[in-house]
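Okay, these came from Swiss-Prot:
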type	residues	note
BINDING	His477	heme b binding site
DISULFID	Cys149-Cys164	disulfide bond
DISULFID	Cys262-Cys272	disulfide bond
DISULFID	Cys358-Cys366	disulfide bond
DISULFID	Cys682-Cys705	disulfide bond
CARBOHYD	Asn354	N-linked glycosylation site
CARBOHYD	Asn551	N-linked glycosylation site
CARBOHYD	Asn592	N-linked glycosylation site
CARBOHYD	Asn662	N-linked glycosylation site
CARBOHYD	Asn673	N-linked glycosylation site
SIGNAL	1-19	signal peptide
Amino acid sequence: MNLKPTILLFTILFLKCATFEVNEETERIVEDAVMRALDSRASENSESEQTSQHIIVSQQANSDSKSAQFTGEVLEEATRILVREFGLEILPAANEVIERWRNEEEELLQSSETTTTTEHPDPTRSKRSAIFRSKRQANRRCSSPPINCNNRFHTSIRSITGLCNNRQNSDLGNSVSPLRRILGAASYADGLGRIRTRSVNGGELPSARLISNRIHDDRNNQVFSPSINHLHMIIGQFIAHDVVFMPSSVARDGGALDCSACNSPQRVSPNCAPITIPRNDPYFNTPCMRLTRALNGQENFGVRSQIGQNSHFLDLSPVYGSADCEAETVRSFQEGKMLTFDDLGYTLPPQNANDSNCQSSAPFHCFTCGDFRNSLHPALIPVHTILIKEHNRLAEQVRVARPRFNDEQIFQLVRKIMIGMWQHIVYNEYIPKYLPRRTIRNFALRPLRNGVHRGYSTSVDPSISAEFAGAAFRFGHSQSRFDFPRLTENGRPAGNYDLGNDIFYADQMYLTRIGGWEPVMNGMVRMPAMKSDRYFSFGIRNQMFEIRGRNGSGVDLVSINIQRGRDMGLFPYIQYRQLVGLPTVTSFNELNTTFSQENIQALRNVYSDPADIDLYVGIMLEEPLSGGQLGPTASFMIGEQFRALKRGDRFFYESIAEGTDNFTQEEISELRNKTSLAKIICTNMDFAARINTDIFDHRSRQVACTSLPQLDIDRFLR
């Protein structure tokens with residue numbers, strides 16, 4: 001690979017034996033750097049980082065993530081001190097020191113489960129320990145599972161946070177834990193964390209908005225998918241909300257950063273990365289578009305690292321939450337059921353009058369769910385609602401069949417069943433709609449017809465990859481329509497809403513005269529999505545987070561995706577080609593095996609060298625594989641991720657893992673044979689009599705809801 005020299009140097013130095021030995025002198029040097037970083041942070045004036053206006057933050061950091069940012073930024077500054085004074089060679093030894101300190105803190109934390117004191121007798125150690133976040137520190141007031149993974153709790157119950165899913169490495173896949181990198185390294189200008197701004201030829205990289213305008217504008221290319229419906233896009237977004245949540249950096253006071261100004265990296269925070277808007281832009285009339293860098297949660301000396309705030313597993317985080325306190329806000333604690341809002345004659349999630357992102361005024365409150373992005377746009381709430389209703393329906397069945405079960409027993413059993421159903425839907429219905437059979441076969445993603453999956457391994461890291469989160473799984477943004485049609489139960493039009501006018505507005509859910517959210521669900525099932533290609537709808541490209549009546553107050557999501565890749569240190573597109581078996585590229589012409597001539601020319605018009613092509617742009621312009629919706633690079637990254645989520649999840653619905661209360665073979669068969677998204681939708685809509693047999697194909701023939709098999713709860717009552 002043709003890596004930049006600074007990146008190659010950093011990688012080589014980490015692979016070489018450390019020049020510095022781990023001894024008292026090294027520990028003194030490391031401790032001095034950490035103390036200086038702490039002192040520097042304490043002395044800096046935080047007033048400039050406070051925002052002066054309300055900013056919508058879709059990736060809002062919770063208390064644990066803010067704690068992780070504190071740790072990450074101290075380690076980031078300490079890294080720069082060490083590298084400046086001793087060179088990159090000291091970092092391996094420094095990380096051995098920091099690992100020992102971390103282990104000491106973990107032991108202290110575990111001992112606190114049986115003792116009442118966690119005081120540090122050594123003042124220096126007490127100060128040093130401040131850089132380590134205590135797991136679930138913010139949730140001490142909530143009920144939390146034991147930290148010890150050998151506790152019986154972790155045998156039978158999947159923790160809300162993902163803690164102890166892997167009992168040998170308790171943090172793998174846990175909420176507020178680092179993303180992994182497919183290539184094992186990052187592409188930053190300085191090898192550590194500064195965003196790349198220069199071309200390999202020495203000039204400036206093109207602005208993300210310039211790329212979006214020239215390559216991704218759909219004005220003359222609005223093509224609908226011939227088969228895939230709009231629900232496929234929404235379920236894809238729901239999956240993304242389940243496993244991907246990269247919180248944005250916050251100001252020192254914990255508030256949102258205002259990164260709107262072009263000079264905000266200097267005037268507000270180095271965690272600002274505004275996007276230059278070209279002159280005479282067709283929509284925006286400001287010089288820059290706001291973007292806050294993803295929160296730095298690095299846990300060692302070295303490269304900046306992003307974190308996943310939700311658990312990394314397919315565990316219905318949007319329904320149940322990924323933090324213990326978060327989980328308690330959605331439960332009724334009666335009969336194992338979830339909270340709902342039922343005052344309008346139909347069911348919605350509970351209202352949230354304190355949602356800081358909500359743009360609609362009372363009484364049109366946004367909602368409380370396991371993921372606070374639930375009200376991002378009106379099409380998400382129907383999915384949240386049917387899953388909450390399905391949980392409560394099953395909980396009622398368990399209550400009747402087992403009257404002696406208490407609230408916790410009912411809740412945990414139904415949650416386990418719901419997650420099993422969800423995983424089956426993802427692997428059996430969603431994935432086959434866009435990945436070709438060959439990719440599904442190569443990554444062993446297809447559910448088994450019978451028997452159990454014995455591929456679980458503690459050595460498999462289920463964590464979400466930076467490439468999946470920052471590029472590959474964002475392909476669904478191309479599927480989004482500008483308009484979201486509403487249909488009656490008989491398929492008659494009931495109006496529509498525009499995506500760009502309804503970001504974090506909930507009033508569409510309160511239209512009682514047409515049945516609230518059900519017409520939105522009908523429209524998603526029966527209407528096509530946009531074709532997955534390089535073109536994006538007007539709302540996606542211009543109006544994300546726009547305030548009604550204020551044109552240009554939002555952002556371009558495509559520009560954000562491109563700039564986010566640079567922020568995350570993703571390598572340019574061509575560095576990933578060899579990974580998926582494609583030939584190396586040194587000229588634009590050599591892209592002709594995976595790109596159309598039209599798309600190659602589009603790239604030439606923006607980039608000066610193929611080595612500059614951003615990963616997101618590259619994967620969106622690749623020609624789709626036969627039988628699939630995506631090209632080879634995105635297909636590989638998505639297939640690799642879902643394989644990791646299957647083989648690295650001890651509680652995966654088809655798996656049998658030692659020391660784990662997995663589903664029995666009979667229960668697995670029940671899930672395989674009777675779970676379908678169509679049935680869940682049918683069962684939990686008041687006015688649904690017929691449904692598509694293929695739930696993600698808008699052309700599919702419809703059948704009576706009563707003809708679809710229903711899960712038998714008795715099969716799960718041992």
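Backbone N, Cα and C atoms are what each Cβ position is placed from, and that goes for glycine too.
Can you walk me through where each of these features ends up in the structure?
Counting only residues at least six positions away in the same chain, the Cβ atoms of Phe536, Ile540, Leu557, Val558, Asn561 sit under 8 Å from the Cβ of His477 (heme b binding site).
Neighbour list (Cys149 (disulfide bond), Cβ cut-off 8 Å, at least 6 residues apart, same chain): Leu163, Cys164, Arg167, Gln168, Ser170.
A C-beta separation below 8 Å, combined with a sequence spacing of at least six in one chain, links Cys262 (disulfide bond) to Pro274, Thr276, Pro287, Cys288.
DSSP assigns Cys358 (disulfide bond) to coil in the three-state reduction, outside any helix or strand. For Cys358 (disulfide bond), the same-chain residues 6+ apart in sequence whose C-beta sits under 8 angstroms from its C-beta are Asn352, His365, Cys366, Ser375, Phe504, Tyr505, Ala506.
DSSP assigns Cys705 (disulfide bond) to a helix in the three-state reduction.
When other Cβ atoms within 10 Å of the Cβ of Asn354 (N-linked glycosylation site) are tallied across all protein chains shown, the result is 9.
DSSP assigns Asn551 (N-linked glycosylation site) to coil, not to a helix or a strand.
Spatially close to Asn592 (N-linked glycosylation site) yet at least six residues away along the chain are Ile600, judged by Cβ distances under 8 angstroms.
The Cβ of Asn662 (N-linked glycosylation site) has Val452, Phe651, Ser655, Ile656 as same-chain neighbours under 8 Å, each 6 or more residues away in sequence. According to DSSP, Asn662 (N-linked glycosylation site) sits in a coil region rather than a helix or strand.
Cβ neighbours of Asn673 (N-linked glycosylation site) (same chain, under 8 Å, six or more residues apart in sequence): Pro709.
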Which of the recorded positions Asn354, Cys682, Cys705 has its Cα nearest to the Cα of Cys272 (disulfide bond)?
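Given the candidates Asn354, Cys682, Cys705, the nearest one is Asn354.
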Can you count the other CB atoms that lie within 10 A of the CB of Cys682 (disulfide bond)?
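A 10 Å sphere around the Cβ of Cys682 (disulfide bond) contains 22 other Cβ atoms.
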Measuring Cα to Cα, how many angstrom lie between Asn354 (N-linked glycosylation site) and Cys705 (disulfide bond)?
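One finds 38 Å between the Cα atoms of these residues.
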Helix, strand or coil by DSSP: which one applies to Cys164 (disulfide bond)?
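The three-state answer is coil.
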Report the same-chain neighbours of Asn551 (N-linked glycosylation site): residues 6+ apart in sequence with Cβ closer than 8 Å to its Cβ, ordered by sequence.
Tyr283
With the cut-off set at 10 Å between Cβ atoms, which of these disulfide-bonded residues ends up with the most neighbours? Options: Cys164, Cys272, Cys705.
Cys164
